[in-house]
Amino acid sequence: MADEKIENVVSGEEPFLGTLDIALLVILIAGGTWYFTRNRTKPEEQGRTYSIQPTTVSTAAVTENSFIKKLKASGRSLVVFYGSQTGTAEEFAGRLAKEGIRYRLKGMVADPEECDMEELLQLKDISNSLAVFCLATYGEGDPTDNAMEFYEWITNGDADLTGLNYAVFGLGNKTYEHYNKVAIYVDKRLEELGATRVFELGLGDDDANIEDDFITWKDRFWPAVCDNFGIEGSGEEVLIRQFRLLEHNDVQLDRIYTGEVARLHSLQNQRPPFDAKNPFLAPILINRELHKGGNRSCMHIELDIEGSKMRYDAGDHVAMYPINDKDLVEKLGLLCNADLDLVFSLINTDTDSSKKHPFPCPTTYRTALTHYLEIAAIPRTHILKELAEYCSDENDKQFLRSMASITPEGKEKYQSWVQDACRNIVHILEDITSCKPSIDHVCELLPRLQPRYYSISSSSKLYPTKVHITAVLVQYKTPTGRINKGVATTYLKAKNPEEGEVKVPVFIRKSQFRLPTKPEIPIVMVGPGTGVAPFRGFIQERQHLRDEGKQVGESILYFGCRKKSEDFIYEEELEEYVEKGTLTLKTAFSRDQEKKIYVTHLLEQDADLLWRVLGENNGHFYICGDAKNMAVDVRNILVKILKTKGNMSEPDAVQYLKKMEAQKRYSADVWS
């Protein structure tokens, strides 16, 4: 990829004002004119309230980043920070701040990225003050994007946090190697810096029931807080709405959000840089089926990113904003007796909150349910608790309340009736017919629809203006007989470029999943199924280097699928790389013989080969795919090989693998 060139033109004589000076002068004059004339414009009609976020941060916004000032001005003493990648940590933070009022601790939610976190030193000046951190661990034990600066600040700094009262709840997944690493570290580090832990660290496991973990923790957290500050709770929980409804009867069409993530009209008027808040509408050039048979579908999709100025490397991810199935949206509208085309806004009742709306407003209910809300997700128990209040039948009300409780019976009911049965909000309202919630409250309760991430299956060396995606269509029958469909893959499946131009909103997320900087280093790649995606990019890149006459190390790929004749994706491509001498391919087709064979069996058989590449030649090892079973099994096999072939004890083998991770010689791109 060629960097943009900056040319310096030197002439014999420079003018007094250059082009840039004139441009800045024009902007200043225009800004001054707007400032002095803005109050003379006609005021908005009653009921037309907007919050259209600009893409640049104004100087006024910067002064509002003081959470200490906000706490003091509003008489609050509780601040709940969140480090969130998918929205769950932010949701938990909101619930804690909301509950604080029951315990005479008026609270606020804060994004550490938008705050001056050095103000934690001043929090002790507020009576009965408490900082709570809801922090997710992401990737290879990393903090989320919005918590990165705070994490680095406490890691590298030596601030004296004596007098700061704090508590930490972590969000992680036990199938990953670095389970809740961020929360564990922050909890320990805050204590090292002199802060006082008010309650023990809470650890939520998303592989099991993170909602249950959170509720169990917070129900012990609040009594500990009360004991610490000598305060009493106000008794029965009162359900309080966080947002108030404003319906718009007379609003200009060009002021209504139609699916934009942040800036109004950003999808119509595209301008870089493109990121999570400003995705690029990428045309789909190719959408073809990879499976040759069977009843499953796997798509190969090629996106055109020319003109976007987005760059990627093999191993990076592309994120896509999907939309919900329109039939599901219509059903939810009917179940709530809603006019889906009504224009509305949800406005935060907390005027000091930086989050004025739960999603871009004003918009229609149809747009909110289509673009902004996770309507196909399994609802958490706090949603059931609030839905219960809309039941006209007392038995239905008690049923929902029981599933939202922390009793063993309630947890068991929730597990079987909601989770195991894969019921989403639509299914719950279909099956509990007396529950008729208001559509605006449903919009407040449901989490935000999140972008879906895919390992890029191409190399920018070959395809600088294209991004390839490899995705299996998600579709399954639930125990209730319903057909559940994956939000993103169903959306993608319908995008057929042969029927006309189709586009999807995307952005690139950088990854640490990288080829060795020296191409002569040997690599081992384990990628069954669509786990082969990033390795397709790796192999393309290594072939490109060989074509340029460069020395390239051994590249070994372990690939597995069910049947060679049905789901051996990219078979012809991979075989061609083998013929050219670029790739050594090891395949396992689990259902092509009576006894199932997986890639793990091949790895066990190749102990000598793996030790030679990894132990003797300092090769790199990569794994992509299922985190829960396959990735854990592969790691255990490697430990076993290090023990037997490297003559190591178990602790030494485990330590050797950790050293490989630290050196970026062992990398995982896995999901559960």
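Every residue gets a Cβ built from N, Cα and C, even glycine.
Copied over from TrEMBL, here are the features:
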type	residues	note
BINDING	84-89, 136-139, 171-180, D206	FMN binding site
BINDING	R296, T530, S590, R591, K596, I597, Y598, V599, T600, D633	NADP(+) binding site
BINDING	R452, Y453, Y454, S455, T470, A471, V472, Y476, G486, V487, A488, T489, W671	FAD binding site
DOMAIN	78-222	domain 'Flavodoxin-like'
DOMAIN	277-516	domain 'FAD-binding FR-type'
Over the residue list R452, Y453, Y454, S455, T470, A471, V472, Y476, G486, V487, A488, T489, W671, recorded for FAD, what is the maximum interresidue Cα distance in Å?
-> 23
Between the Cα atoms of Y454 (FAD binding site) and S84 (FMN binding site), find the distance and write it as a whole number of Å.
-> 19
Given S590 (NADP(+) binding site) and V472 (FAD binding site), what distance in Å do their CA atoms have, once rounded to a whole number?
-> 18
Taking only the CA atoms, the spacing between A136 (FMN binding site) and A488 (FAD binding site), expressed in whole angstrom, is 23
By a 10 Å Cβ neighbour count, the lowest-scoring of the binding-site residues A136, V472, A488 is V472
Students should find that the Cα atoms of T600 (NADP(+) binding site) and V472 (FAD binding site) sit apart, in Å rounded to an integer, by 22
Binding-site residues clustered about Y176 (FMN binding site) [Cα within 10 Å; pool: R296, T470, V472, G486, Y598, W671] = W671
Pairwise Cα distance for K596 (NADP(+) binding site)/V472 (FAD binding site) [Å, integer] = 22
Would you mind checking how many other C-beta atoms are within 10 angstroms of the C-beta on Y598 (NADP(+) binding site)?
-> 17
Between the C-alpha atoms of R452 (FAD binding site) and G87 (FMN binding site), the distance in angstrom, to the nearest integer, is 13
From the Cα of G486 (FAD binding site) across to the Cα of G87 (FMN binding site), what is the distance in angstrom?
-> 19
For S84 (FMN binding site) and W671 (FAD binding site), determine the Cα separation and express it in whole Å.
-> 17
Pairwise Cα distance for G486 (FAD binding site)/R296 (NADP(+) binding site) [Å, integer] = 13
If you count the C-beta atoms lying within 10 Å of each candidate's C-beta, which of the binding-site residues S84, N173, T470, S590, T600 ends up with the smallest number?
-> S590
Of the binding-site residues listed here (T470, V472, A488, Y598, W671), which is spatially closest to Y179 (FMN binding site) when Cα positions are compared?
-> W671
In whole Å, the longest Cα-Cα distance within the recorded NADP(+) binders R296, T530, S590, R591, K596, I597, Y598, V599, T600, D633 is 25
Among G87, G139, G486, which are binding-site residues, the residue with the most C-beta atoms within 10 angstroms of its C-beta | G486
